[in-house]
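Taken verbatim from Swiss-Prot:
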DOMAIN    9-244  domain 'ATP-grasp'
BINDING   Lys46, Gly53, Arg54, Gly55, Glu99, Ala102, Glu107  ATP binding site
BINDING   Asn199, Asp213  Mg(2+) binding site
BINDING   Asn264, Gly321, Ile322, Met323  substrate binding site
Amino acid sequence: MKIHEYQGKELLKQFGVTVPRGIPAFSVDEAVAAAEKLGGPVWVVKAQIHAGGRGKGGGVKLGRSIDEVRQLSSEILGMQLVTHQTGPQGQKVRRLLIEEGADIKKEYYVGIVTDRGTQRVCVMASSEGGMDIEEVAAHSPEKILKVFVDPAAGLTDAEAAELARGIGVPEASVGKAAAEFQKLYKAYWDTDASLAEINPLILTGSGDIIALDAKFNFDSNALFRHPEIVAYRDLDEEDPAEIEASKFDLAYIQLDGNIGCLVNGAGLAMATMDTIKLFGGEPANFLDVGGGATAEKVTEAFKIMLKNKSVKAILVNIFGGIMRCDVIAEGVITACKAVNLNVPLVVRMKGTNEELGKKMLAESGLPIISADTMAEAATKVVAAVK
């Protein structure tokens, strides 16, 4: 689960991280009132969407008067903000953060993720904070320092100070920077986050260290422990199809292709998408029905896939382990009739009750294309859309 920047800063503040004064706004009038309450002479008007690259996309602007704040707020609020993370369709801006300006002497980056290779939390920091951090990661990875944290000890004073010195924080401010790193680590750990990031973390002219941005992702499997985090959820920022899918315990992510995929198991789903691409097609979605799929779940999965008007064919790829192929076959038949399926459907089933499932499909009277291998299934579904 993702949250907005202003919510991330509220969270950081609870853990003692230094953040600028700021007020969220949902209208132009609220933005102006926020600027007046904060006082000048400079304000930052920031679009609030669940995507990075807002500055480059025109979603972060400086206002040097109340009138300019009003003008910028009216331009940004309601705009379709396009960044490298939103895709070409962009994301509508429904909220703003009005923030006091900062005296920026130097920008740094600090982020925390779980490293699966070492099975430890990785704290990353760089002297090259700001809008181009992704280019730094791609082209100058040596500029990103990493510390792999012992979970029993946490991020120690020595590790935090070494990281601060390593990215060039002036010695007089190393203690402050190290403390901010440790507070960010505690926020990450205590909230079951999967990502915690400050970009930029700035050094001011007076030597203070301030978090000018905040980005958090949370492990959805741990949200039952954090109702205060769940309260931050903004459904307007989520794909309606993904929200609908979650109601039926379906893992669904919409993509840009035209071949719908219905698969059981995340690994098989990814392999199926790879195979489609290998044979010249483009998957329209990731959809994992899981090991306990019912006819109802399969029907809902078809409905969700077909709401995407880009879908020109569907591939069902099932391995019957816990899931029985006859149950999937029943669901496919029910779904085809319920949605009046009018796009080509290719079905591959292997495993438990495979022959029974194939027999049910063959006797259904529906124009279902069968396949025995993944390569055959991918070949047939790609041919169906050409």
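Note that Cβ sites are derived from N, Cα and C of the backbone, with glycine treated the same way.
Distribution of Swiss-Prot features across the structure.
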{"residue": "Lys46", "record": "ATP binding site", "contacts (Cβ under 8 Å, 6+ apart)": "Glu5, Arg54, Gly59, Val60, Leu96, Leu97, Ile98, Glu99"}
{"residue": "Gly53", "record": "ATP binding site", "contacts (Cβ under 8 Å, 6+ apart)": "Thr83, His84, Gln85, Thr86, Met131"}
{"residue": "Gly55", "record": "ATP binding site", "contacts (Cβ under 8 Å, 6+ apart)": "Met131"}
{"residue": "Ala102", "record": "ATP binding site", "contacts (Cβ under 8 Å, 6+ apart)": "Pro20, Val44, Ile202, Thr204, Ile210, Leu212"}
{"residue": "Glu107", "record": "ATP binding site", "contacts (Cβ under 8 Å, 6+ apart)": "Glu128, Gly129, Gly130, Pro200, Leu201, Ile202, Leu212"}
{"residue": "Asn264", "record": "substrate binding site", "contacts (Cβ under 8 Å, 6+ apart)": "Asp288, Val289, Gly290, Gly291, Ala293, Ile318, Phe319, Met323, Ile328"}
{"residue": "Gly321", "record": "substrate binding site", "contacts (Cβ under 8 Å, 6+ apart)": "Gly291, Gly351, Thr352"}
Most distant Cα pair in Å, residues Asn264, Gly321, Ile322, Met323 binding substrate: 10
Binding-site residues listed as Ile322, Met323, least Cβ neighbours within 10 Å: Ile322
For Asn199 (Mg(2+) binding site): intrachain residues, at least 6 apart, with Cβ closer than 8 Å: Tyr109, Val110, Gly111, Gly129, Gly130, Ile133, Asp213, Lys215
For Lys46 (ATP binding site): DSSP state (helix, strand, coil): strand
Check: same-chain CB within 8 A of substrate site center, minus Asn264, Gly321, Ile322, Met323: Gly265, Gly290, Gly291, Ala293, Ile318, Phe319, Gly320, Arg324, Gly351, Thr352
Local backbone state of Glu107 (ATP binding site), from DSSP in three classes: strand
Ala102 (ATP binding site) in three-state DSSP notation: coil
Mean predicted confidence [pLDDT] for the domain 'ATP-grasp' (9-244): 95
Secondary structure at Arg54 (ATP binding site), reduced by DSSP to three states: coil
